[in-house]
Amino acid sequence: MAVTGLGKVRNKRKQEEVEEVEKGPFVGAVDLEMQSEDEAEDEDQEGDDASDDGDVDEFPEIDAASDSEEESEEEEEEDTDDLNEEDTLDENSDADSDLHIFPKSKKVVSDITGQTKVVYPEIEPDYDSDSSTEDDPNRVGNIPMHWYDDLPHLGYNINGKRVLRPAKGDELDKFLQTVEDPNSWTTAFDKNAQMDKPLSAEELDIIRRLQAGENPDAEYDPYEPTIEWFTGKGKEEVMPLSSAPEPKRRWLPSKWEKQKIMKIVRAIRQGRIVGSKPTAADKKQQFYAIWNEPPSNQPPPLPAPKPKLPTNSESYNPPEEYLPTEEERKQWENTDPEDREGDYLPHKYPALRLVPAYDQFIKQRFNRQLDLYLAPRIQRVKLNVDPNSLLPKLPTPNSLRPFPNYKSLQFMHTKARVRCLSISPDGAWVASGDESGVISLWEVNVGREVKRWSLSSKVGAIEWCPRLDACFFVAGTEERLHFFIPPNISPAMLTMTQSTLAPPTLPPATQSSIKWISTSGATEDGPILTIELPSASGLSRQLTWHRKGDYLASVSSSETQGSVWMHQISRRHSQAPFKKIKGAVQMVLFHPTKPHFFVATQRYVRLYNLAEQKLLKTLMPGIKWISSMDVHPSGDHIIVGGYDRKLCWFDLELSEKPYKVLRYHSRAIRSLHFHPTYPLFASSSDDGSIQIFHARVYSDLMTDPLIVPLKILRGHDVQEGLGVLQIKWVNKQPWLVSAGADGSVSLWCS
């Protein structure tokens, strides 16, 4: 009774699930659960119990809404009945265990369903059930076995190892095997195993039936009574064939086809459909003048190369000096054919009738045919040109002095690598900053440190203001720009600098996300002015001033539109000049004479007109990643360097592509700089070298710039793959200052 009641509950649950499936197509597809082994065994056992009713049911889910006292009592009665039946089943199983050998089971309570279930122990296979003594079968699958005819193995086993081919005997061994073994005729050759395997009784019976012309299936009854599928009451119209007379439409012409044909006939009569005219065979012979063709401008093909004429050594009676000695003959025979000087050895015969046939005749004829087939048909004129005349005539480096050629001073930052440096407009001071946040101010002439500032984060960029009536520099850190005033300056210049950076009356505040903060304390110990950039803008990696010293452009490491900012000192106003930037900005520069603005992204350099607010030109240097850029003091030329070791020189009046590409560095280029007064420019790289170039730009537009490599300076150590990070020229002097990853700042003099 308990089992019957449980089956009814399950049938009811099954009907509810069918109704839920009919309501929505994806209701049953998403409610999938991974069952454990205990649940799977429990469901299998319950499925066996429920198989008596003919249904395959699942375990009913617990309905919290139906938790009433009457239903709980009925469920308890059903559970007790189930337990009684399971006890009787266990008793029967114990009785069967005496007759048969079965592993003993035990009853446990499931942690998931809360009901009892029978659990059998895991089977521990003995040596008798192990198949390790058998040979590994071939696992190549259903492929042509003739692929392995020339190989020592037949295929591969389940572990990927080769299955070797078994030994085969000759015909005599096969005959002796048939004589000694009476069951040899009941074997068949297995192509995968390459051996004879015995046939089973069923296979022998199939072979016997095929030989006798009978049906291979022994259980097939050819005389079984037929089933009348298409006869009987209610099945008359199911017949595929009918004995009804042919309908009239089968032998009468179709009026619809007649209408279509008449429609085509009317179109032909009206001329809307024109058929192809038959081509009449012209019996007249057609002649044409073969000399009326225009002459070809192509030169006639060259004649085939002529074979080489025989020499005295090929004679059947050569002079004695051409005959080789025994040592020369042995050496010629031991040499490879492609390394021999000739294809033959001279031999002397007393008479012409004694000369044998030439053993290399066929090969020589074949090589001659190849010469005729592969001979070039173009005549090339060889030019006798002196290679030195092709090289440009450059002046000697000694005639282009002065330029830096030795290290004069060295200033050390002991804590971290020096990322940036800048030189004052008068050329007397150098400000350098390292990654530990230390800014050092030292003199160019003697290398003495005058002042040191310590910031909370690493310094990414430093730039002096180009104004001559004021003296201050800007240092860029994480999301901040700090303005410093150097010590020991004249009172008039100090007053002008303080009035510029911290005026007594501040201009009206503008709506911007950037804050300008003035410091009221001593100016020598800290910054007098600080600009706070927007959050998440990152480290300021470049600062550049306009030539008048009122506008300052900063580039941050962020790749958003807020990475480039334009700051005006007089109004204390900051703005982002670009609403949308294509690519990550690497550097920006002001034009020295025009209101133009250079923006270098990862692969392009764009030139904007700030007055008209439009794009003028896009330069394509062909560099994968631009790292540095600088503008010539004249404003008509620009140099661009990249991490792929290329240095491109652009003439802005000529083309958007580089005028000249220089590849002298072995590692990535980090910094480029034009000298403001001398015709010099320098480039630094991660290979630890600095290269000095002479770059003379002529006022005549028809004359190309003169670029001459002068000197390679080596004085910085490469650390962690980084070399010289930034270089700057000293104003009014042919001196160069370089900052390296080794923490040193060097001054190079001429």
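Even glycines carry a Cβ here, placed using N, Cα and C.
Where the annotation comes from TrEMBL, it is an automatic prediction and has not been curated.
Keep in mind it's a predicted model, so treat the numbers as computed, not measured.
So that you can see what the record holds, here are the features copied from TrEMBL:
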COMPBIAS  34-96  compositional bias 'Acidic residues'
COMPBIAS  123-135  compositional bias 'Acidic residues'
COMPBIAS  296-308  compositional bias 'Pro residues'
DOMAIN    148-404  domain 'BOP1 N-terminal'
REGION    1-106  region 'Disordered'
REGION    120-141  region 'Disordered'
REGION    291-344  region 'Disordered'
REPEAT    411-452  repeat 'WD'
REPEAT    662-703  repeat 'WD'
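Per DSSP, the repeat 'WD' (411-452) is made up of 0 helix, 24 strand, 18 coil. Shown for the repeat 'WD' (662-703): DSSP residue counts in helix, strand and coil, namely 0 helix, 21 strand, 21 coil.
Across the compositional bias 'Pro residues' (296-308), DSSP helix (H, G, I), strand (E, B) and coil residues number 0 helix, 0 strand, 13 coil.
Mean per-residue pLDDT, taken over the domain 'BOP1 N-terminal' (148-404), amounts to 84.
DSSP places the residues of the region 'Disordered' (291-344) in helix, strand and coil in these numbers: 18 helix, 0 strand, 36 coil.
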